[in-house]
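A.B. asks: Pasting a structure here, questions to come.
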Amino acid sequence: MKAVVQRVTRASVTVGGEQISAIGRGICVLLGISMEDSQKELEHMVRKILNLRVFEDESGKHWSKSVMDKEYEVLCVSQFTLQCVLKGNKPDFHLAMPTEQAESFYNSFLEQLRKSYRPELIRDGKFGAYMQVHIQNDGPVTIELESPAPGAASSDPKQLSKLEKQQQRKEKTRAKGPSESSKERNAPRKEDRSASSGAEGDVSSEREP
C-alpha cells in the first residue's frame, strides 16, 4: 500500500462539475492499494497517516504535531495509479488490487480512519469516479508512505516469497522478447539464388534491431 500525504490549507474533490467533498487545514491523502495488501497493512497505514508530524506546535517548532494533535481534517482519495509499474514509457497497473476488491478494502480503510480519529473530520472522494482533486499544498509539504516500508519485508518469509515471485515474473517478461528475437536471428536463412548480391543485406536491414 502506498500513500502520498500532502499538508494543505484547503482541498476539495469535484465530480461532473459538482463539488462533493472539501476540507480546510489538514492533510490530503492519495491512496494506492496493492493486490498484496491485507488488514495488517491497512492498520499500519492508518496509524502512520494520523500520527505523521507535519505541523508546527504552538511555539512555531516545525514537524511537531500530527493532524490529530491539531484536530485538523483529512481528505482521502483512492488513486490506483500509485501502483504503477513502467513498461518502457507505458504505465502498467497489474500490481493494483482489482476494482471490486479494492472498493471494499478502501471502505474498510476509511472506516478504520474514522474509528481511530474523529469521524466528522474524515472526508473522501468517490471511488472509481473521474475526479478533479484541487489541492492547495501548504509549504509545499509532501510525504510518501509505504506499507510495509521498503526493505521491511526481508525478514518475513511470506513477504520475501511474494517479492521473489514478482521478480521472477518480471524476469520472464523481460526474457520473452529477446528469446523470440534470438530464435529468429539464429534460424537458418534460405538462399535466394535469383536475388542480387545485395538482396540479403537489404532484407536484413529491414529487420528491427
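Quick reminder: no glycine exception, Cβ is built from N, Cα and C everywhere.
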A.B. asks: Which residue does Swiss-Prot record as phosphoserine, given the choices Ser161, Ser196, Ser204?
C.D. replies: Ser204
A.B. asks: Among Ser21, Ser116, Ser197, which is annotated phosphoserine in Swiss-Prot?
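C.D. replies: Looking at Swiss-Prot, the phosphoserine feature maps to Ser197.
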A.B. asks: Quickly, which of Ser179, Ser194, Ser205 does Swiss-Prot have down as phosphoserine? Just give the residue.
C.D. replies: Ser205
